[in-house]
Amino acid sequence: MARAFPLERVRNIGIAAHIDAGKTTCTERILFYSGVVHKMGEVHDGAAVTDWMAQERERGITITAAAISTTWNDHRINIIDTPGHVDFTIEVERSMRVLDGVIAVFCAVGGVQPQSETVWRQADRYSVPRMVFVNKMDRTGADFLKVHGQIKNRLKANAIPIQLPIGAEGDLSGIIDLVKNKAFIYKDDLGKEIEETEIPDHMKEIAAEWRSKLMECVAETDEELIEVFLETEELSEAQLASGIREGVLNHGLVPLLCGSAFKNKGVQLLLDAVVDYLPAPVDVPPIQGLLPNGKEAVRPSDDNAPFSALAFKVMSDPYGKLTFVRMYSGVLEKGSYVLNSTKNEKERISRLIILKADDREEVDALRAGDLGAVLGLKNTTTGDTLCTTDDPIVLETLYIPEPVISVAVEPKTKGDMEKLSKALLSLAEEDPTFRVSTDPETSQTVIAGMGELHLEILVDRMLREFKVEANIGAPQVSYRETIRASSKGEGKFARQTGGKGQYGHVVIEMEPGEPGSGFEFVNKIVGGIVPKEYIKPAESGMRETCESGVIAGYPLIDVKVTMVDGSYHDVDSSEMAFKIAGSMAFKDGVKKCNPVLLEPMMKVEVEIPEDFLGAIIGDLSSRRGQVEGQSIDDGLSKVQSKVPLAEMFGYATQLRSMTQGRGIFSMEFSHYEEVPRNVAEAIISKNQGNS
């Protein structure tokens, strides 16, 4: 079967933003105008096509990244609608990894919010070209140019308007296209009747001013254009359009568009801009990966190149397990066998699907540049590479943040234990930031995730999808341990119990590692004073002790261990003896290296009416918070702070009562920081008391 759209006419885009900026509504309107749906769905009515989980429709928020295909101006557009709530950061992260371009949606009233910064950083991490849609221009207090200023200042982006709104708030009647130098006036409520006309007299001056700024900005991204601009102080429409496209592809320019998705204004022009300015798979650098020999290689976006794809999401489905894939090169055919090169296991491709939210279209093949789903993969999880068995490669994988909160969970009835295990396993397969473990002390099942809402939604899904009712314990913070000094550690395990004894002896040097290094082991044993076959068991004993902690039972991070000495016995030494000796040496070293407890610090932004500012700052300080900045805008105060996660449980309820329901806050993980001594002592003694 031939390709339906040439690669140059394919766009893989994401729609990402802060919660409530209106991105799901934008997606709905795109589907309406491009003919995928024939009736508009509203988020607040629970009828949005891309919000397909029951909880999404109830809560009016998008939790999972829904992938949808549509067409516009003879181009195939694959869209991923991502969640804006910080607890679902992994959904944004995994969609950024597989996209070629992003529409960042900002609210014309709220502007740049904390989660917008997170999404922007994620797009930066994967170097995704982007443009901005300033939505909700119909709302009271909408200010397009104020949002432009915030994007330049807070996100440090070279943002430039390519449109201007005609009117604002209730009087939004049309949009000026600065590239075409024309006005588009909306004649009906559905936004289907649009009249292209001259720019209204009262806006000619401001349009000329911003068009001149646009030309200057575009000219600066290209040497040929700057020469033309310096000579004539003018660029043609074609020069402007190609200059904007070049600027977007090279990350030198972020075009700003405006409109109101809810009022059906600006969406068709946004689709035109997606086609005109965002990259096709062939416009972005080819995907990099590692060959079996460890050398780097690339896979070009080409149907004739060896097949390679990245699994970026796994979902349970009534028909089986759905694995979403981004095709990078080659062709994937139904019925074929492929290699999961991450796990070195073969997989059979039973069915291939292109998604249109709740609707699905079965296809015989997926081609380079496609976003689709495979039904029936047995061993593939998020971040795995699928490729041809003849030409294996492992592609760059996803960045997966560590969970920061955990709770104990148990079924309400003992008979549901097996159902609970199945449900947790299935949910953990779908979501790599959701971890399931068993507490070795209490034998309780512990689930960990990115925040209270994240775990709440997952428990809710257990009830709805797996019919398991569960009791949830109080939230627990994921502390970490580390060391602040260097020292030696020694472990000698000698046991004689008649017959063959046990003997292992390990000496190590321990020092703080680089931030983010985890556990690093170096072997400096020379001259065979400890035989090679005992080094690995000794390291294994240290690694296991590192994972279970020394002072309070939390994983130890950023520690470097060098094995420098030891001794063995010809008869009595064994792998197990050296594993125990390694663990003993590690514990001995940690105790001499000034061990400390670390806690997750959260970046908290609170938005409240000005009258409550004093009370809120006082409350944050009482939670061991450090206020880092504040601003007042239109009677609303924004307070930025860093607060320990341990002090933030139940904050939503407290904030509501302190501000009579008028305060809102957002919270995301920032970094780990040392726990004050008095707090650490209480945590350590509590944990030692439990053990």
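Each Cβ is built from the backbone N, Cα and C atoms, and glycine gets one as well.
Taken from Swiss-Prot, the feature domain 'tr-type G' applies to 8-282.
Taken from Swiss-Prot, the feature GTP binding site covers 17-24, 81-85, 135-138. Around M137 (GTP binding site), the same-chain residues at least 6 positions away in sequence with a Cβ under 8 Å from its Cβ are A108, F144, P165, A168, E169, L172, C258, G259, S260, K265, G266.
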Around the C-beta of A17 (GTP binding site), how many further C-beta atoms are within 10 angstroms, looking at every protein chain? 30
Simplified DSSP label at A17 (GTP binding site) comes out strand
